[in-house]
Structures are given as C-alpha cells and as structure tokens.
Amino acid sequence: MKKKDYYEVLGVSKTASEQEIRQAYRKLAKQYHPDLNKSPDAHDKMVEINEAADVLLDKDKRKQYDQFGHNAFDGSSGFSSNFADFEDLFSNMGSSGFSSFTNIFSDFFGSNKSDYQRSTKGQSVSVDIYLTFKELLFGVDKIIELDLLTNCSVCFGSGAESNSDISICNNCHGTGEVLIQKNMGFFQFQQSAKCNVCNGAGKIIKNKCKNCKGKGKYLERKKIEVNIPKGIRPNQQIKLSQKGHASINNGVNGDLIIDIYLKESKVFEIVNNNDILMTYNISYLDAILGNEIIIKTLDGDIKYKLPKSINSNEFIIINNKGLYKSINKDKRGDLIIKVNIVVPKNLNKKEKELIEQIYEQTSFNPENNIDQ
C-alpha cells in the first residue's frame, strides 16, 4: 500500500517550521493516542503520526525525505517487511553481535516482554499557554483544566473489587508471556508471545471493580495550578513532573509539559532578548517645550523630562525596566521607547491664532537637501 505523504499526515505545509510540526504532532497525539482513543484504527494512526514526526523533526531525515520521498528510507536504509521472522532468527542464535543488533530493532518496535513485566512511565501531556506581555514580564499563576488518565479511587488501579479477587494466571504463571515453538527450515525456535488467557497482564480478576468496570483507570477532569515565573521567555517549557497521565502498568505518572507562547501585542516587542520596545505618542507641544510627561509602562506610570525639540523616531531609554534576564532573578533589560510626535488634526480658533503668530515670527525652516 502506498504510504501517505508525511506532511499530509501531520497536516502541515512543506515549509512548516520545527515548532509548527511539533505543535501539529502534539495535537494529533492527543487525538489518536490509544490510551485516550479507543477506536480500532487509533493504533495504526498513531504509528503513522509517530513515523511522520520522527522524519520531519530530524533535519537530516527531513532533507532526505524532501529530496527522495519515501524512497529515501527504502531498501538498505529501511526495514524489511519480514522483520518479525528476521528478528526471531537472530534473537535465538545466541551471538552477542546479533543480540545487540536485535536490541536496535527492539528500540524501534518494542520488545516481546509483556506490559505486566515492564513498569513504564505514564504518557506525558503537552499544553500551550499564551501570556500577555505583563504576565510574561512579572510571572503569573494559571489554572488549567485537563482530562487525565487517573488511577481508580476505589481499587487504586488494580481493576479488582478486592485483593482477594486477584489471582495469578495459571497459563503464563504470572509472567504475562507464553513460549511458542516455531519451525524455520531445519531449525526450531521458541518465541515469547503475549498470554492469550490474561492478555499479558499475568493475573486474572474474578470480580471487577464496579467503579472503573475492571479497567483500573478512567479519565478525570482535573484542575492544575501552574506557576509561571518571571524571567521566562516565549518558546520555553515548564515541566511539572508526574502531573500527566497515570501509567497503565504500575509505573509513575507521566509529566505535564507547559509550552510558553506570547500573545501578539500592538504596543510591545521583545528586542535584544532582554529589552522591551514600545512606540509612545507625545504631544507636539511637549516635544517643543521639553516638558515633563507621564509615560504609561508595564511597571506603572513613570515621570520623564523630555529633552527639548525631540523628534519622531528618536528613542528614550529607561534603564532596568525591560524583561528579567533570568528566571526569578532581579536583573533586567531596558525599556526602549520610540517617540511618535502627534500633531492635532483640528485646532480651535484661539490655538490657530497663536500658532499663526508664532509662524509669522519664527525663523525656523527645516532643511531639505535633494542634491545627490
């Protein structure tokens, strides 16, 4: 069957940035992960999504894919369609060289060990939080709500009504695995497979927990407080350990990953990593007279004495009023104010008379040099 284009799988354009690809992957992973999506095709869809992300988030692989398409990973650089038999053959040879080769395949496709034997960490969760400039500057506490896979509050994840309802599977003797003999030419090999009686759990539950119907887990809506410290920057992450989904096999919870983004602002802009740039409107009269004005900033109102005859597009620098240079530290960048002198469109009669008097008496004439 022809493989689907990796960009189409993730729903991004061929010019998408790494950040856009990561965001698309996280969105699809939340939608199709088998722990959260019980539809029959969720597993295959997730495999397809992971495969696409693995290539497009690797600069070298993406370059090869853009040039050669799926052919870049076929043949000698790809994996055999008969991979299972190939791995079975070498995994039973007992050679240290082949055994390490088999481990490489296990890293990609998982080993034959049962979930019951391996205690793995729960699925991590990624959440995007968009901050205003003021929230980014001073830090903020946010409450987020998530549907998280959680251990049942009655059976504590066992899935049984009581401990006495749990017994060891007699078919696999609690390992979750059974040995299957396989003939390959003149050779006969043994292969581990998931126990078909306990479905790899290694245990049999007589009476299932009524609260979770024997699953041991369920999705629960949770409120989580996230402290976003001052000094953080857009596109940085905050990790809350073990605040993600519960493990499906008695491991620790996954993590909650917070991706920080900055809301668009018509007023403020980050420059030089630590400085804040803003454009500020100033009256033409204040500019001419060099008056003291009040500048409204994220820190509140600041009094500032204008230099006489300041012009538009000149800059005012207010030290130590920019972003904090590092998390929870007090050193800051600067606030850079770009001056925009505003002239009124309409004047009252008195204003017009006074300005006409000044015009008649002034010797000021701006220079315009058009000589090349």
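Cβ atoms are placed via backbone N, Cα and C, with glycine included.
Because the structure is a prediction, the values reported are computed rather than measured.
Per Swiss-Prot, these features apply:
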| type | residues | note |
| --- | --- | --- |
| BINDING | CYS152, CYS155, CYS209, CYS212 | Zn(2+) 1 binding site |
| BINDING | CYS169, CYS172, CYS195, CYS198 | Zn(2+) 2 binding site |
| DOMAIN | 5-69 | domain 'J' |
| REPEAT | 152-159 | repeat 'CXXCXGXG motif' |
| REPEAT | 169-176 | repeat 'CXXCXGXG motif' |
| REPEAT | 195-202 | repeat 'CXXCXGXG motif' |
| REPEAT | 209-216 | repeat 'CXXCXGXG motif' |
| ZN_FING | 139-221 | zinc finger |
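For the repeat 'CXXCXGXG motif' (152-159), the mean pLDDT of the prediction comes to 90. If you take the C-beta of CYS152 (Zn(2+) 1 binding site) and look for same-chain residues 6 or more apart in sequence within under 8 angstroms, you find SER158, GLY159, CYS209, ASN211, CYS212, LYS215, GLY216, LYS217, TYR218. The recorded stretches the repeat 'CXXCXGXG motif' (209-216) and the repeat 'CXXCXGXG motif' (152-159) share 3+ CB pairs below 8 A when only pairs 6 or more apart in sequence are counted, and are therefore in contact. When the alpha carbons of CYS195 (Zn(2+) 2 binding site) and CYS155 (Zn(2+) 1 binding site) are compared, the span between them is 24 angstrom. Residues of the repeat 'CXXCXGXG motif' (209-216) grouped by DSSP class, helix first, strand second and coil last, total 0 helix, 0 strand, 8 coil.
Listed by sequence, the residues of this chain that lie at least six past the ends of the repeat 'CXXCXGXG motif' (152-159) yet keep a Cβ under 8 A from its Cβ atoms are 166, 205, 208-212, 214-218, 246, 250.
Across the structure, CYS169 (Zn(2+) 2 binding site) and CYS155 (Zn(2+) 1 binding site) place their CA atoms 19 angstrom apart. Under a cutoff of 8 A between CB atoms, and with a sequence separation of 6+ in the same chain, the neighbours of CYS172 (Zn(2+) 2 binding site) are VAL178, CYS195, VAL197, CYS198, GLY202. Within the same chain, residues at least 6 positions away in sequence whose Cβ sits under 8 Å from that of CYS155 (Zn(2+) 1 binding site) are GLU161, CYS209, ASN211, CYS212, GLY216.
Taking the centre of the Cβ atoms of CYS152, CYS155, CYS209, CYS212 as the Zn(2+) 1 site, the nearby residues of that chain (Cβ within 8 Å, site residues left out) are SER153, VAL154, PHE156, GLY157, SER158, GLY159, ALA160, LYS208, LYS210, ASN211, LYS213, GLY214, LYS215, GLY216, LYS217, TYR218. When the domain 'J' (5-69) is classified with DSSP, helix, strand and coil residues number 46 helix, 0 strand, 19 coil. With helix defined as DSSP H, G or I and strand as E or B, the repeat 'CXXCXGXG motif' (195-202) counts 0 helix, 0 strand, 8 coil.
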